[in-house]
Every structure is written in structure tokens, then in C-alpha cells.
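A.B. asks: Provided herewith is a single structure, encoded as C-alpha cells, for subsequent inquiry.
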Amino acid sequence: MKYTKEHEWLRVEGDLVVVGITEHAAEQLGDVVFVELPEVETMVAEGDEVAVIESVKAASDILAPVDGEIVAVNDKLVDRPGLVNDDPTAAWFFKIKVDDLGVLDDFMDEDEYQDLIG
Amino acid sequence: MTDSETGLKQLALHDLHETLGGKMVPFAGYRMPVQYPAGVMKEHLHTRAEAGLFDVSHMGQILLRPTRGMEALCLGFETLMPVDVLGLKPGRQRYGLLTNETGGILDDLMFANRGDHLFVVVNAACVAADTEHLRAGLSEVCDVVSLTDRGLLALQGPKAEAALARLLPETAAMRFMDVISAEYQGAELWVSRSGYTGEDGFEISVPETVLMAFAEALLAMPEVAPIGLGARDSLRLEAGLCLYGHDIDATTSPVEAGLDWAIQKVRRTGGARQGGFPGDLRILHELDEGPERLRVGLQPEGRAPMREGTELFASDGTPIGAVTSGGFGPSVEAPVAMGYVAASHAMSGETLLGELRGKRLPVTVRPLPFRPSTYKR
């Protein structure tokens with residue numbers, strides 16, 4: 001698992017990068033009440049605002065961590081946003097198909113992420 | 001106590017909030033618990049199902065002690081508010097509004113007739129300005145005493161009555177907006193049957209000498225849980241209640257805000273004590289002719305909350321207002337909001353558009369509150 005400084009987790013699945021938010025982020029947000037996901041087959045660039053997550057407190061954007069194509073979204077979160085709080089590591093948002101998984105090398109590993117939020 | 005680094009004041013119950021796991025944030029000059037480990041959603045639902053304890057000691061507690069009799073004090077207070085003060089009987093509380101010369105709202109407040117004086121509770125952010133305003137306006141008729149040695153707790157929810165009656169049995173017989181004094185461990189508590197959640201409940205002014213003991217005695221009860229500012233906001237929003245500085249301010253009139261119920265007949269055109277308060281020309285005119293804009297309930301379609309600042313448009317694209325409070329209503333299980341719209345578009349059932357992230361999404365005007373209140377009248 002890799003981590004972004006925007007508190008997303010990234011998991012590799014074949015040639016796909018699966019993206020969710022970390023437990024730390026879910027705790028900070030509080031109860032999630034709304035999730036808006038991108039369209040499948042959208043081409044995204046790193047830093048694009050691709051999903052919206054709203055908690056009882058505020059709205060935040062989820063940014064595309066890498067360039068690529070959105071090939072799957074987790075529709076379950078739209079009907080049950082609370083899944084994000086129940087198990088943030090299982091509640092994936094979208095999967096991005098990338099050309100080269102090497103782009104993940106730039107992201108933090110578990111220890112580095114723990115240091116960041118420590 | 002004030003933190004020398006942040007300049008933020010600490011609540012008398014600060015240590016208790018920390019022990020309870022409260023997440024402390026700056027609010028109105030204080031470090032306040034925004035939520036406890038249960039989180040906003042569970043705290044909100046707990047208050048609606050059981051009883052929630054709120055520490056609202058940041059609010060201003062002010063005594064108006066008459067120097068020329070209660071009648072002169074009440075009539076004096078009426079020169080600052082479009083409200084019937086004289087008609088409020090001893091042992092009763094009423095909602096009031098301090099207005100300015102242009103008919104806007106300087107603050108909203110609760111005032112109680114406690115027999116030989118009035119007790120006023122004002123918004124935390126307005127304490128200093130209100131105290132000065134009251135002193136300037138009422139110097140002939142009373143002493144204005146801003147209390148600093150009392151905390152204020154709110155116990156809200158369907159089980160509040162049973163919980164509070166274990167400590168103060170006489171409170172069970174109170175009706176909505178009654179006020180009494182009650183003794184706890186030798187100290188005098190001032191209890192009103194009121195609140196800011198739409199639920200039955202009580203607001204209790206407690207001397208700091210017994211504040212911790214009293215709060216701990218309530219929290220030891222199985223149905224009582226501590227509730228933070230986050231849930232306080234979602235509860236009052238579902239109840240359709242205004243938050244000063246957001247839904248009402250120095251530019252909004254009581255009539256625009258839909259608070260005309262707080263202006264009794266005796267102060268309106270044709271009443272025995274009509275007018276005679278700041279901004280009376282505008283306010284009486286709006287009561288008679290209707291205001292140009294109105295605060296309304298707004299129900300967004302779908303699940304996306306429309307928060308404060310969301311711009312509102314008529315179906316033909318004309319800008320007609322904005323959301324002043326909005327979020328997710330845990331009891332309504334849907335997003336809820338309120339805001340001001342042009343009076344011509346304030347009819348319940350009308351579909352408007354709210355702009356969210358560049359998209360205009362449907363939102364329906366609906367009556368407030370989103371949830372009926374459960375006051376013991």
C-alpha cells in the first residue's frame with residue numbers, strides 16, 4: 001500500500017491503481033454523508049478533482065493521484081457513504097488504469113505515512 | 001481562564017471535555033468541544049432518542065436588575081426589541097431580538113422574568129456588544145450585570161425530563177418556556193424548559209462552584225451522553241432554528257427571517273404599544289406589506305448537501321438568493337438547508353436550483369422545521 005500527502009491510499013491490482021482514503025482522513029472528516037464519483041472511462045491527470053466526499057462537517061475533493069483512465073468506481077458508496085467510516089481501507093473510490101506502475105514509487109510507504117500523521 | 005498563546009478562553013468544564021475525549025476547536029473565543037468520540041451523527045441521533053448534555057457556557061448570561069421598578073425596566077427593554085416584554089409573566093421566558101436602526105438584527109436572545117429582575121441569555125460572539133448596547137439603552141431603568149461565575153448546560157431529548165428530575169424533582173412539572181430556581185448541593189440553579197434542538201429539554205444556569213458535580217451527575221445516567229457543537233448545529237438546523245451570524249444578522253430583518261411570530265400583536269401596527277423600537281419603520285412596514293425576501297426551508301434533491309453560500313436560482317436562471325445554513329440532517333436522513341429567497345419564489349413546493357461545484361441541482365422550498373418539535377406545552 002502507498003499513501004499520498006492528501007491522505008489517500010493506493011493499492012495495486014494488476015495494472016490498476018485502486019484509490020481510497022486513509023483511516024486518519026476518515027476520522028478527521030467525521031461521518032461521511034455524500035460521495036460523488038467520476039464517470040467510468042474518464043481520462044484524468046494527476047491533481048484533477050475526480051471525486052467529492054462530504055461529511056457532516058465539510059466537503060472535500062479527492063484528487064487523481066496519477067495520470068490515467070478511470071476504469072471502475074465503487075457505486076456502493078453513493079448509496080451508503082457511511083461505508084467509508086466503517087472500513088476506510090475496504091471502501092475504495094475508483095480504479096485508475098496507468099501506463100507504468102513505476103509512478104507509484106514516488107509515494108509514501110506505510111512508515112513514511114505514519115510519520116506524516118504522527 | 002484564557003490561554004496566553006491562542007487568546008482563547010477555556011470553559012470551566014474544559015478538563016471534563018478532555019476526559020470525555022472531546023475534540024476541542026476555537027469557537028466564539030472559546031475552546032469548545034465540536035464532537036466526542038461517538039461523532040456528530042451518533043450524538044445527533046442520541047439526542048433525538050435519549051438525552052444529550054451540551055455545555056453552552058460560552059453564551060452570555062446577563063441580569064437586568066431594575067432600579068426604578070420592573071414595569072419601567074420592561075418598558076425600557078421594549079425600546080430595544082419589537083417584543084412584548086411587559087406582558088411576560090414572572091416564571092416565564094420568551095424569545096427576543098435586539099434590532100438596529102435599519103431593522104436588522106443585532107442579536108437574538110432568550111429573556112426570562114424572574115420576579116424581581118430579568119435574566120437574559122445572549123450569543124457568545126455578541127456578549128460584549130450586547131452588554132454595551134443594553135447599558136447604553138437601559139441605564140435609566142436598570143443595572144446590567146454580565147455574569148462570569150455561572151456555567152450554562154442544556155439537557156435535551158425525550159429522556160431529559162426523567163434524567164433531570166432525578167436531581168431536581170420539581171423540574172418535571174415545568175412546561176415549555178417556564179423558568180424556576182432549584183437547589184443543587186446548596187447552590188441556586190436557574191432552570192428553563194427550552195433549548196435549541198427542537199426537542200423537549202432544559203437549559204440550566206449553574207454556579208461554577210457546583211458545575212462539575214452537576215454535569216458529572218447527569219453524565220453518570222445511562223440515557224445522558226455529552227453532545228458537541230457539531231450535533232448542536234445539525235439538530236438546530238433540522239428544527240429550523242436560526243444561527244446568529246449566518247441565518248440572521250445586522251442586515252436581515254425579523255420579518256424576512258420568518259421570526260414575525262416573535263413580534264407580539266401589542267407591538268405591531270394598531271397595537272397598544274406599537275413601534276417604538278429600533279428599525280420600527282421597516283419592520284412594521286414589512287409586517288403589513290410583506291418583505292422582499294424570506295427565509296425558507298430548502299430540501300435538496302438527492303444526497304449532496306447544499307451548504308452556506310450556495311447560490312440559488314429560479315428555474316429560468318434568475319439569481320434569487322442563497323443558502324445561509326445547510327448540511328446533512330441525520331434524523332431526516334437527507335440534506336437539509338435554509339436560506340433567503342425573493343418573496344416571489346418563497347412558496348412551499350416551488351423547485352429552485354442550487355449551484356454546487358458548477359452544476360445547478362434542484363432544491364425544493366419547504367416549510368420549517370424539517371422535524372416537528374416535541375416541546376411540552
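Every residue gets a Cβ built from N, Cα and C, even glycine.
Unlike curated records, TrEMBL annotations are generated automatically.
Copied straight from TrEMBL:
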type	residues	note
DOMAIN	A:16-97	domain 'Lipoyl-binding'
MOD_RES	A:Lys57	N6-lipoyllysine
A.B. asks: Let's see if you can do this one: DSSP helix, strand and coil counts over the domain 'Lipoyl-binding' (A:16-97), in that order.
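C.D. replies: Its residues divide into 15 helix, 35 strand, 32 coil.
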A.B. asks: List the same-chain residues at least 6 positions away in sequence whose Cβ sits under 8 Å from the Cβ of the residue listed as 'N6-lipoyllysine', in sequence order, or say none.
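C.D. replies: Non-local contacts for the residue listed as 'N6-lipoyllysine': A:Leu29, A:Gly30.
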A.B. asks: Can you check how the pLDDT averages out over the domain 'Lipoyl-binding' (A:16-97)?
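C.D. replies: Averaged over the domain 'Lipoyl-binding' (A:16-97), per-residue pLDDT gives 95.
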